[in-house]
Structure formats: C-alpha cells, structure tokens
Amino acid sequence: MNPYILTTLLLSLGLGTTLTFMSSHWLLAWMGLEINTLAIIPLMAQHHHPRAIEATTKYFLAQATAAATLMFASVTNAWLEGQWDISQMSHPLPTTAITVALALKIGLAPLHSWLPEVLQGLNLSTGLLMSTWQKLAPFALLLQMQPANPNLLIFLGLTSTLIGGWGGLNQTQLRKILAYSSIAHLGWMILVLQFSPSLTFLALITYFIMTAATFLTFKLNNSTNINSLTLSWTKTPALTSMIPLMLLSLGGLPPLTGFMPKWMIILELSKQGLAVTATLAALSALLSLYFYLRITYAAALTMSPNTTMGTTPWRMHSTQTTLPLAMTSVMAMCLLPLTPGIMAILTL
C-alpha cells in the first residue's frame with residue numbers, strides 16, 4: 001500500500017477514536033465510530049484475497065448494523081428524554097439498545113459470530129489493530145454511559161467468558177483462537193464495568209499488552225496455525241522459549257501479568273455479593289487455559305520433523321522491527337509486582 005494512503009488511513013483511525021473519546025453528544029460519538037470503521041476497511045481489503053474481501057464484507061455488515069441500531073436508539077432517547085448527552089441516559093429502552101449495539105461492535109457474545117470469521121481473513125498486522133485499537137471507542141462509550149441495566153451486563157459478560165473459552169477448544173487456526181480469547185477477555189471486563197470502571201480500564205490495557213505481544217510473536221514467526229508453530233524453535237529459539245510465558249499470561253496464571261486483572265475482578269465481584277458469577281467466570285478461564293496450553297505444547301515441546309520432506313529452515317535475520325515485541329513481551333510477563341502502583345495511578 002502507498003505510504004501516503006497508509007498514513008492517511010491510520011490518522012483517520014486515530015481521528016475517529018479521538019472524536020468518540022471527546023464527545024458528550026451521541027451524534028458526534030456515532031460520527032467517530034463511523035470514521036473508525038471506514039478507515040480500517042481499506043486496510044482489511046488491501047491484499048485483494050477472496051478471504052480478505054469476505055472478511056471485510058462481514059465486518060462492514062456487522063458494523064453497519066450496530067451503527068444503525070446505535071443511531072436509532074440515540075434518536076429514540078432524544079425523543080423520550082429531550083437530550084443527546086451520553087452520560088445522562090436514564091430511559092431503559094434506548095439504554096438497552098445502545099448497550100446491545102456497542103456489544104455487537106466489539107464482538108461480545110452472543111453477538112460474537114462475526115469476529116472469529118473476520119479475524120481469520122485478515123493478516124496478523126490488521127488483526128492486531130482489530131483486536132486492540134478498534135475496541136477503544138466502543139469501550140469509551142460504555143464507560144461513559146454507566147448502563148442502567150446491570151443484569152444485561154452480567155449476562156453479556158458471563159456468556160462471553162463461557163463462549164470465548166468453549167469456542168476456542170476445537171480450533172487449530174491461531175487467529176480464530178485469538179478471536180475467542182478476545183471474546184473471553186472482553187467478558188471479564190464487562191462483568192466488572194458497572195462496579196469499578198478503573199478496574200475495567202486496567203483489564204483492557206493489560207489485554208492490549210498481552211495480545212500485542214502474542215500477535216507480534218506470531219507475525220515474526222509467520223505462523224497462522226498451530227502446526228506451523230512447531231517450526232518456531234528452529235527459527236527463533238530465544239523467542240520460542242518466551243511464547244509459553246506470554247500465552248500463560250493470557251490465561252491468567254500467576255506470577256504473570258494476566259493474573260492481575262482476573263484476580264482483582266474476582267475480588268470485586270465477591271465484594272458485590274456475586275460469588276456465583278465470580279465462580280463461573282473463574283471456571284470459564286480454565287477452558288481458555290486449555291487452548292493456550294495446546295499452543296504452548298506445539299511451540300515449545302514439539303520439534304519439526306527433520307526429514308527430506310520437512311527440513312529445518314534457515315535461520316535468516318529478520319528485517320522486522322522487534323522493539324515493540326520486546327517491550328510488550330516484557331510487560332506481558334513482568335507487571336504483576338507493580339499492581340499496587342498501577343491501581344494507585346488508575347484511582348487518582
């Protein structure tokens with residue numbers, strides 16, 4: 001892609017997200033979401049592959065449906081309440097409709113079916129944008145709204161954690177596994193959204209760090225399925241030794257960074273008298289941990305066949321920038337001891 005066009009599209013992505021961040025009016029927030037969607041569509045379709053075109057079409061239809069629902073609900077709210085302010089939502093009908101529309105935009109279950117298929121049709125760089133940056137604007141709106149229907153949020157959160165764990169069990173494609181991982185992590189964030197927005201923000205940032213480290217690792221190894229990870233030990237042995245730590249951090253095992261948000265979310269849910277919800281969410285994390293362990297086994301404990309049909313690849317020097325990978329992988333593994341300081345900053 002032409003670098004000038006790429007720069008324009010990336011700046012448009014930033015503009016759309018920033019516009020949504022800064023808006024207190026539903027019409028401006030909707031405009032920001034639409035700029036965001038229209039800016040990423042050329043990035044998704046840039047390779048002109050049939051699967052990429054199919055993924056782009058599915059994404060456009062899902063986002064158009066969510067945007068239409070959001071606009072209809074905000075107009076209904078203006079008709080019923082006489083105001084367009086995001087933080088002053090009080091009527092249950094438009095509040096529920098907007099919550100469902102935003103859930104469709106970020107891929108929460110049971111409105112998640114488009115996300116694994118779309119992510120599977122993208123390359124790893126665009127998939128990283130889809131899994132991280134595109135979640136920011138809808139989450140900003142959810143944080144501003146403070147929805148008046150707590151049961152809906154708990155339903156969306158629990159359904160997402162269960163489907164995100166269950167759906168990834170039978171997958172062999174890494175992008176689909178990361179899509180179900182995204183659904184499960186988003187469910188954890190939605191569960192605690194109404195009780196502690198700062199904790200939701202912490203979980204979101206931690207998820208971004210761990211997902212970026214995982215995507216960049218797969219991109220460096222040029223791996224798109226579990227079987228191709230068996231070649232990673234001969235290509236990048238040092239990086240392959242860190243893959244299990246990054247994946248187990250995504251699974252939420254101590255003493256890695258991913259344990260921090262899950263533990264604090266369980267504590268918060270228990271304080272709010274939702275012990276059964278916290279137990280179900282913790283059990284669903286075991287499902288996710290299983291497919292992370294599958295990837296770990298393929299990457300670190302399986303050697304590629306050294307035969308004439310499967311020879312060891314040459315260890316060519318990579319031309320990719322590895323500084324973002326180094327920073328995100330270290331943070332994905334080592335931020336747990338800084339939990340008190342991070343929480344103190346978030347609660348300022």
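Just so it is clear, glycine is given a Cβ too, placed from its N, Cα and C backbone atoms.
Predicted, not measured: the structure shown is a model, and the values here were computed from it.
The domain 'NADH:quinone oxidoreductase/Mrp antiporter transmembrane' annotation in TrEMBL covers 23-287.
The annotation transmembrane segment is assigned in TrEMBL to 57-80 (among others). Here the transmembrane segment (57-80) has long-range neighbours at 26-27, 30, 33-34, 37, 41, 44, 89, 91, 93-95, 97-98, 100-102, 104-105, 114, 117-118, 121, meaning same-chain residues at least 6 beyond its ends whose C-beta is under 8 angstroms from one of its own.
Residues annotated as transmembrane segment in TrEMBL: 152-170 (among others).
What TrEMBL records for 177-195 (among others) is transmembrane segment. Long-range contacts of the transmembrane segment (177-195) within the same chain: residues 103, 106-109, 112, 115-116, 118-120, 127, 131, 135, 139, 142-143, 146-147, 150, 153-154, 156-165, 167-168, 171, 203-204, 207, 211, 214-215, 250, 261-262, 265, 268-269, 272, 277, 281, 284-285, 288, 291-292, 295, each at least 6 residues beyond the stretch ends and with a Cβ under 8 Å from a Cβ of the stretch.
Same-chain residues lying 6+ beyond the ends of the transmembrane segment (201-218) with a Cβ under 8 Å from its Cβ atoms: 124, 127-128, 131-132, 135, 139, 143, 174, 178, 181-182, 185-186, 188-189, 192, 224, 239, 242-243, 246-247, 249-250, 257-258, 260-262, 264-265, 324-325, 328-329, 331-332, 335, 342-343, 346. Per TrEMBL, the feature transmembrane segment maps to 201-218 (among others).
The transmembrane segment annotation in TrEMBL covers 239-260 (among others).
Annotated transmembrane segment per TrEMBL: 272-293 (among others), in sequence order.
Computed over the domain 'NADH dehydrogenase subunit 2 C-terminal' (289-342), the whole-number mean pLDDT of the model equals 74. According to TrEMBL, the domain 'NADH dehydrogenase subunit 2 C-terminal' annotation covers 289-342.
TrEMBL lists 325-346 (among others) with the feature transmembrane segment.
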